[in-house]
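One structure below.
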Amino acid sequence: RRKSQAIISQTKSCLKSSTCATEQILFCQNPIDSKLSTALLYKNQPIVMNCFSYDFYFPDHLLQQTHECMIIAALNPHCFTVQLKQDAIEFDKFQREINDFYNTIDDKKYFIPVEQIQKNLCVICADPKSADNDKIWNRSQILDFDINDQTVNLFYVDLGTWDEYVPINRLRYLIDSFHHHLVFSLTCRLAHISPIDNDTKIVTWPDDAIDQFLAVINQVVPEIELLAFGNDGLFQTNLFVINSGQYVCVNDYMIHIKKAKAILQSTDIDDNNQNITQAWSSTLIGFLFALIVCRWDIFHSLITTAVTCLILASVTARYVHIATFIWCFSYLLFFRTMDFFSMRLPVSHSNAIQLMLTLKLVGIAFERHDSYIRLKTIRKQTHADESEKLQLQDKYLSVKVSTISVFQYAYCYIGLLTGPYYRYRTYHDWLEMKHGVHINGLAFMRKRVIFGSIYILTYLLLSTIVSFNDALDDKFYDNPLWYRLLYMPLIFTLFRFRFYSAWLLAECMCMSAGFGAYPLASKPKPGQGPTDLVALKQAYEQAPNTIAYDFETIHNIDEWKCESALTVKEVLRYWNMSVQYWMATCVYKRIKWRQIAHPATMFVSAYWHGIHLGYYMGMVTTTPCILAENAMEAGVRRRIPPNSPLIRVYDFCSWLFRTRMFDYMSIGFILKYFKYTWKYWSSVYFIGHIITFALYLIGIIAVQLRPKGKRKEIVNQDLGLGTQPKASEEQHQRLEKEQHEHKKEL
């Protein structure tokens, strides 16, 4: 609750009668006994004679959130009044009580004498266009008056509109209850835009811009994002409507049709000032860094971002993710094949920036698509529990993006060069974080810095022994076989410790900025963020200094699990985890045909890394490795008794196979080109492929040697079939329901 400022007096010449509030009013007629009971209830209330302000509803707990609303008056993009849908029922009840009271009571004491008329006086007025036997009464404030013709100009506080030349005899005194009832209408303006041809301090919207604004909000139920409260008494907002089946940000729409221009707009709220400053400063740092390392090649990232913004603004949310995916990955192909067009290839650092930018821009399009689907589902949902779950997802997972916010997200310095990948919602939550002062990032950094120092030192020492370019020289192959075999573990250790160092430093940068911090109870996952939204909501309702946080969202590498994992599949799960999340969310789970989902995901991953055949040679080799591990698991490991010491021997051999195969496959990523990768693998007699094939045959033969019934049991166990007793009908129904819900989430 916040006291409003006294409304500035205005002369009649500045008021527009075309915005008369009567056109906005809907009311319900009540039975006569209800009206009499209301009159009796309020009859003894004291009369308010000398009050000059109302108590306005200030929804500060709803800032930075999106809500359905009703537009009850609109003048131009910088002046329109809304009422939140959640407040409509209460206001409708209050309006009926006012109408019942003043239409029933005809006491002279409520009439306002001419000599009592003052500017800014709070009164109630019968709408001039309502019927005399059933008037509509609106709480008002006097803007100006003329004693000679006994008329006033009024501002209708609950409607956000005004009227002029209203006869004084239609005014009445307010009673105390009606005066102190909060004003639930919110007068708003579209944030960060101004008239396209306006260069003066006095903002004037041309008629064509106003007409376009009124047309796009006509007869729709919009959503409004309350950003901040300005010193002009208006809420800075983003307004969203569904127009021709397309989810449209009205702010961006006005810019898109060239009726407005984007501006950087500040407000009087400290948090919002801090958010704007933080957003632009992080963008400026990132852009300057990209400019330093890329120089003229920065135009590639600018072109990619600009066209993506155009796609986000023009393509319907139903297909925006597909269009963005095609655009970004097509440009990535051009970016890497510029030499085919007799153009200079970009510098190597710009490739790293382009890689992360591709993931971020495609990711934001998928987030927008998912938000649109989620919103459609919410509107169709009738089940209370499901609706509450979807509302939580909409609150904590959905995104509303503008052109400026996409640019800021694209060039944020965090993760610009080395990752980790993070969703736009994670970036948004960082900007809107209210309790950052309670997050001790240094405590999380301490352990990572220690290990990072070890990795950097190891990398520097190894780089004096071996080099990534050694195998490119023909003289290298004059070395004996044992040296060529030893080169693989040495060069792969150098390779992965370089990534360990870069990713740990990137994580430390995130921690120092408080980026990616979420309550521990919400169970955050790398790249994804919080997964338990109920716990997240409950955590944010606690005292800020009692919330336990972690940085799992930006955790990109679990180096211990990568080093100790027994199988290839385990390593892939813990290596570059944020990118693995992107591949799973934006590729694997989007493909309906499970048979091609895994190969398609591996292809996109290899394509994203580069177009050199060495990447594909290394990536494709993972599939036979996984098949061999599964065959050996089914045919050999399951034959060993659980408590036998041979289990440890098998696990050690499995770890040894996994580590050496990664040494072998890494050659494709290090040497990149087909001829160099083929030459090296042939110099070691394709030892990795041969051992993998041999182990696969051993595993298959071992499975076949089992008794037929036992063999089927093993195969079914590997496939997850036949391992449980027959389920009841109730369990079948529950399983089908869970699978149906899982498909909906995907």
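Cβ coordinates come from backbone N, Cα and C, glycine included.
TrEMBL has this to say about the protein:
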- 727-746: compositional bias 'Basic and acidic residues' (COMPBIAS)
- 65-192: domain 'Tudor' (DOMAIN)
- 716-746: region 'Disordered' (REGION)
- 279-298: transmembrane segment (TRANSMEM)
- 310-335: transmembrane segment (TRANSMEM)
- 449-469: transmembrane segment (TRANSMEM)
- 481-499: transmembrane segment (TRANSMEM)
- 684-703: transmembrane segment (TRANSMEM)
Integer average pLDDT (0 to 100) for the domain 'Tudor' (65-192): 86
Helix, strand and coil counts within the domain 'Tudor' (65-192) (DSSP): 34 helix, 56 strand, 38 coil
Tertiary contacts of the transmembrane segment (481-499) (same chain, 6+ residues out, Cβ under 8 Å): 455, 458-459, 462-463, 465-466, 468, 470-471, 557, 562, 576, 659-660, 662-664, 666-667, 669-670, 680, 683-684, 687
